[in-house]
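Feature annotations, reproduced from TrEMBL:
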BINDING   GLY198, ILE218, LEU227  S-adenosyl-L-methionine binding site
DOMAIN    6-82  domain 'RNA 2-O ribose methyltransferase substrate binding'
Amino acid sequence: MKKQEMIFGIHAIKALLDNSPERVIEMWVLQGRDDERLLPVIKAAANMGVAVQRASRKVLDDKANSSQHQGVVARVKPAKQLGEHDLDALLAKTDTPFLLILDGVTDPHNLGACLRNADAAGVHGIIVPKDNSVGLTATVSKVACGAAEAVPLFQVTNLARTMRQIQDKGVWIVGTAGEADGNVYQADLKGPLAIAMGAEDKGLRRLTRESCDSLVSIPMAGSVSSLNVSVATGVCLFEAVRQRLA
Ligand SMILES: C[S@@+](CC[C@H](N)C(=O)[O-])C[C@H]1O[C@@H](n2cnc3c(N)ncnc32)[C@H](O)[C@@H]1O
């Protein structure tokens, strides 16, 4: 198991300092980069007693293993992995749960974008299968712009079993598939809800699809057959938000 990892990007590190400062071990900021966007991060680190060192672009590129760090990189303790028991605890304290299920998303950019959508939509948590899914990597955190540190990600051993368990607690699970008869704009998305999205290549697995209470499509007007999973996630989550606010 990894003991430490690198996180980079202004929003990811600021969110980490705001939500879990105890995870930040040390931080490097680009030499001569005291621009306004970095100042809140540097101040937050100082308030938390985190050591901030100045470093060249080359050092930051090497530490982040990327040039997309926006002038700030942090060495952090890995996030606590959340599982079935943590999901139970969340459901016990949440009146009208609003959840997202990602059935085997493997591209870190897609998971990062889904986390960002989920955070913006007010989703209480995301459920993913432990195997064959990307976890919370540095790229996921960077793309999620702070949402990876704010939205709980529950990694479960048996997704179909977890789906049954949340259904037993009153959560209605709406799966998404291009070929479904009903569409997302006709579905009732107001009560305790989980929206299930499929993997980039194969969509929802058979068992996941069969475990859903209903299936909906997003109507497609053009010639392509499907949307990118993070775009489809945004469409479905914000249709649910629209209904829940009405
Ligand atoms: C790139 S698509 C997967 C396409 C895959 N070839 C399939 O057969 O489902 C990834 C996921 O985004 C969602 N998605 C994309 N386009 C959709 C649409 N038009 N209607 C409903 N869901 C869609 C679904 O959850 C799908 O599993």
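Glycine too: its Cβ is placed from the backbone N, Cα and C atoms.
For the domain 'RNA 2-O ribose methyltransferase substrate binding' (6-82), the model's average pLDDT works out to 91. Within the same chain, residues at least six positions away from ILE218 (S-adenosyl-L-methionine binding site) with a Cβ under 8 Å of its Cβ are THR176, GLY178, ASN183, VAL184, LEU227, ALA232, VAL235, CYS236. Here the domain 'RNA 2-O ribose methyltransferase substrate binding' (6-82) is broken down by DSSP into helix, strand and coil counts: 30 helix, 21 strand, 26 coil. Annotation for GLY198 (S-adenosyl-L-methionine binding site): spatial neighbours ASP103, GLY104, GLY175, THR176, ALA177, LEU204, ARG205, THR208, VAL229, criterion Cβ-Cβ under 8 Å with sequence separation of six or more.
Other than the site residues GLY198, ILE218, LEU227, same-chain residues with C-beta atoms no more than 8 angstroms from the centre of those residues' C-beta atoms, the S-adenosyl-L-methionine site, are THR176, ALA177, GLY178, MET197, SER217, SER226, VAL229, VAL231, ALA232, THR233, VAL235, CYS236.
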